[in-house]
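Enquirer: As listed in Swiss-Prot for this protein:
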- 66, 70: Zn(2+) binding site (BINDING)
- 67: active site (ACT_SITE)
- 251-308: domain 'CBS 1' (DOMAIN)
- 315-376: domain 'CBS 2' (DOMAIN)
């Protein structure tokens, strides 16, 4: 995930935190700090806010445990784990591949909600124990709050639609029933759209009834799930469409190279005008490739600065650009490009030489070509999917 800050490793997994975690940390703190006075009165405001912050941190730790459970079970199933990231909507466990069997997929998906439900039971038992040893009521209230929120988190994630864990469970069930992981994945994604529309409707109803913050938040979550479910369906459909397709089939071969030492104004006048390319590998004076520059980056340079800014200054560093080999499956490259967003490009290399480039426009063209060649497939990308790649170019 872009803009994520690495925190280190836990249990061997790379753990990142996105800046949007600050938003949910504040929301959790505010929620608990404003709830406690109505439950246990008589404390100074600073106590409520300190306990609110402490409870929020514990809840973030619970979210991390939820994601680490996915990661641990995935590793045991032989699926590589690239990272675990906390962000606005909880967490994301980035897997380096797919489960090989429906049973393994089911276990990986269920591990997260099971952990949240177990944490709910643990915090509930802690609250009961603390009550038995005459612990201050305000501390017991925080424990009950953590038990309740973890329970809701576990149950919410079991809703039957991708990208929620419940959608992964639906996918595992359909995969086992029909023996087709693609059909199962698309079915789970479409179920996710239905779940999202229900959440949006409930959020709007709550908003109309006077629950302004809760209604907007619920509708926003529904909108996110709808968008993510559509993205999931597009990804699976594209994988099916491109089964057996190599990177060499999609790339633009022998792309023109941008000299990194010339200024942006000269580059636009001498290289870009009259060309159809949207991105260029950037080379230094000895011919080695140092990065990639796209038209969007050129546009971002103010006209007054173009004569004093070199192409190398604005190029995306090579270590941030996905790379692939010509004979590699295209689907594997698209998986690596996906986390970087719809505007991402990739360089195709043989040895130390760049032999091609893959842009969103290249992918969009290939989608159109393969749709023409397969006019009535069981599952295909929609016309909007090709437009999505094309617009990003």
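Just so it is clear, glycine is given a Cβ too, placed from its N, Cα and C backbone atoms.
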Enquirer: DSSP secondary structure for residue 70 (Zn(2+) binding site), reduced to helix/strand/coil, please.
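Expert: Going by the DSSP assignment, residue 70 (Zn(2+) binding site) falls within a helical segment, counted as helix.
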Enquirer: For the domain 'CBS 1' (251-308), DSSP counts of helix, strand and coil?
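Expert: For that range the per-state counts are 17 helix, 16 strand, 25 coil.
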Enquirer: Across the domain 'CBS 1' (251-308), what is the average pLDDT of the model, as a whole number?
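Expert: A mean pLDDT of 89 is what the model gives the domain 'CBS 1' (251-308).
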